[in-house]
């Protein structure tokens, strides 16, 4: 009885295995796209012309004002799993998500704040150029999770180009 059962198991396993190879159901291993990671972005490097294929790598880069805790590079393994797991990006300890430090910029000498001043999340600052100047970049920045986003643009004389 045990022998019959063992033979049956062997026949089933070999039949299933052969069917997979004879019907061209073989699929190359690929790792899934990594999920969005807060305060960061993920980039991929190809291996043998394939993105997210076995041996390809993904890397994590933190946004400005954030530190990486954990691994910044992972590799697609033969079983379709990324190893090791990527780390996380967290706001640097000197920043508080509920407040922003005064907007500091050596490109904007007219912005002056007290060093002890803290600005609440959601506050907007607006830059207005002097007569005869033009703004390059964003005119508004918002206190978001402890940092000013986006970075304010700069004012330059209208008759000058940005590269001068």
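Positions of Cβ are set from backbone N, Cα and C atoms, glycine also.
Copied from TrEMBL, the annotated features are:
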SIGNAL    1-17  signal peptide
DOMAIN    29-91  domain 'Sushi'
DISULFID  62-89  disulfide bond
DOMAIN    98-157  domain 'Sushi'
DISULFID  100-143  disulfide bond
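Just so you know, the Cβ of residue 100 (disulfide bond) picks up 26 other Cβ atoms within 10 Å once every protein chain is counted.
DSSP assigns residue 89 (disulfide bond) to a strand. In three-state terms derived from DSSP, residue 100 (disulfide bond) belongs to an extended strand segment.
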